[in-house]
Amino acid sequence: VAAPDLLDPKSAAHNSKPRLSFSTKPVVLNTPEDECDTRTTVMRWKTVSAIFFLVVLYLIIGATVFKALEQPHESSQKLAILAQKLEFLAMHDCVNSSELEDLVKQVVSAVRAGVNPSGNSSNQTSLWDLSSSFFFAGTVITTIGFGNISPHTEGGRIFCIIYALLGIPLFGILLAGVGDQLGTIFGKGIARVEKMIKWKVSQTKIRVISTLLFILFGCLIFVALPVVIFQQIEGWSTLESIYFVVITLTTIGFGDFVAGEKESLNYLDYYKPGVWFWILVGLAYFAAVLSMIGDWFRVISKKTKEEVGEFRAHAAEWTANVSAEFKETRRRLSVDIYDKFQRAASIKRKLSSELGINASINQEMTPGKRTLSANLYEDREAYPSLSLNGSLYLNGLSPDYADRREIAVIENLK
Amino acid sequence: MNSVGKSWLLLTGLIVFYIIYLLFGALVFSTIERPVEEQLRRDMDALKQEFLNQSCVSAASLENFLVRVLTANKYGVSALRNSSVTSNWDLASSMFFANTLVTTVGYGHTTPLSDTGKVFSIVYALIGVPFTMLVLTACVQRIMYPLVIAPVCLLQRSGLEPRPATVVHFLLLLVLVVLCFFLMPAAVFSAVEVSWSFLDGLYFSFISLCTIGLGDFVPGMQPRQKYRPLYQVAVMVYLFVGLMMMYLLLRTFHKMSDLHGLTSFLQLPRCEDSDMEEEREPIVHEDSRTANNMTEKAASKPLDPGSQPSYNTINKG
């Protein structure tokens, strides 16, 4: 919002010249329609639809690339498993294909229910013991939703819906609070750094550099360190660990890789709670970074708009002032001319009354000469017209002609 | 400082409450699901035993076979006979996958198998997720005016106070969204998908629109689905629009709680545009604002030199 005092011409008038009165806001920066919208963050329909089109394009590009990358791999996997099936059938004659189909179907649906039919079932840990359920509840609330465990009973599903309805806003509020605290700490740190730096570096530079450092530091703690840890403990490759970290921290959560779900490993007791804590703080951290960047963009664009607005206000003010000055000058000059004519006319009256000049001489003159002779000769009929309407239309001449002569007189006076 | 101490206290209280909430959820899930899991496990054991008894297959080779089948299944490749026709990575399915990636739903019914696919997923997600959030926020801010501000003005003009007007409007919007984006799609899904009940459809809609995306239900995965590409594109559009409506609901709720002083009580960040007085004015002081507009319009034309007819009509200061 531009400073209102700059827009007030009364305060900008430094001299005692009589000001032309006009209203306090000569130029309104925004049209009234813009006031309904918010600031720079609202785009017009055209922009929004252009961006929407961009998103669709982005999706199509992604789709083609994924298709090109994955489809060959998928076909080879398909062929491999079919070959396996045929080999199995060939090796074991007493099994017919329909029985095998049946078994496979059952096995697959069991896996979908979360039960792993391979291996001995007695020493398998349940998927729904307390720590795993805790982990599942965490994935639901953070909206990651891995899906390696999911409720299969109707009651479980209904409870899941209600639980998420209450839990997601709760987690959102928590995230906002933690992000706010992190942002405040970071802001105070930046302020201290700004005070400490003795050189004359611009504020924006300091902010940008410290944000970059903050992001780097965060990436180190929340991305690089977990990647190394997962590599060691879960036995994934580097790429798979990075993939898991990114997919989890963006809350996508496919579930093809899940930390702490490998049955063959004996995890330490605090491994799973540690993973959950990492998810919470990592999410809060990246949310804080995003909101901070968003805040800066908003401040920068607001400042830019303010500056542009102030500049526009200054320019309009200057233009209005200049034209007002010009009009004022014209007015005063014309008032001067009128006064001078009046004085000249009164002198002429006196002179003519003293000298007794013949009024008939005036009729032979051209209108232009007539006008000029009004300075010297008396024309009694002209006075009423002059004093009646108070205008400068001398001797009842047409306004245009009078203007041109007036301008000529003014220029002569200059 | 008191406010700083208060905010830290609030935060710790919130974290403690969050942990308790998680524990509570864990207990309930555990008690509900565990017996069913036990039963299924016992059934599986019986099935395997029965199969082994009938045939000449040894336990070891069966295990081997099962492990291979399950690994393939984890990546979405089914060993069943009739599933060899459709691919999981044709154009429509890939687009569906890209959409689940970018909206952070992440079902996981198909996941990238190759290493290059994983690398591309990482890069695609890192760019696409903030981009989608930006687009959704922009769209929501754009439709905020016709869907939220204008109806609230309407309600106020018909005599309600500002605060109850926002509450009434929010409830109306909530009912509308639940009807159109949860109940109706649930009915459609339970009709189109063969094995889904109405509750399954509702569960799917909810889990998808909250971007949890567990992946136990994914539409269009039945083997003999008719018009599969069209169906998947339709589901994609539904997800996107539904997500936008959820954001709208959230934003409306945020503004409403700002108005009622809830966010300042919890010391949370306010809705970004609520510190801009001009946005508040349409809701609260609609008539005075239009009056201001008129006077501003009259004053808005800059004085141009040609507008005055003669010198003397200009005021002498």
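Using N, Cα and C of the backbone, Cβ positions are placed for all residues, glycine too.
Positions annotated as transmembrane segment by TrEMBL: A:48-69 (among others).
Taken from TrEMBL, the feature domain 'Potassium channel' applies to A:125-181 (among others).
If you look up TrEMBL, you'll see A:127-146 (among others) marked as transmembrane segment.
According to TrEMBL, the transmembrane segment annotation covers A:158-178 (among others).
What TrEMBL records for A:208-230 (among others) is transmembrane segment.
Annotation comment: TrEMBL describes A:212-298 (among others) as domain 'Potassium channel'.
Look at TrEMBL and you will find A:242-260 (among others) tagged as transmembrane segment.
The transmembrane segment feature in TrEMBL is assigned to A:275-297 (among others).
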Proximity of the transmembrane segment (A:127-146) to the transmembrane segment (A:208-230), 3+ C-beta pairs under 8 angstroms = no
Short question: which residues 6 or more past the ends of the transmembrane segment (A:208-230) have a Cβ under 8 Å from it?
-> 186, 189-190, 193, 236, 238, 241-242, 244-246, 249, 259, 278, 281-282, 285-286, 289, 292-293
Given the model, what does the mean pLDDT over the domain 'Potassium channel' (A:125-181) come out as?
-> 80
Chain residues in Cβ proximity to the transmembrane segment (A:48-69) (below 8 Å; excluding those fewer than six residues from its ends, i.e. six or more beyond) | none
Mind checking which residues reach the transmembrane segment (A:242-260)? Cβ under 8 Å, same chain, six or more beyond either end.
-> 135, 139, 142-148, 222-223, 226-227, 230, 233-234, 236, 267, 271-272, 275, 279, 282-283, 286
Helix, strand and coil residues within the domain 'Potassium channel' (A:125-181) as assigned by DSSP | 40 helix, 0 strand, 17 coil
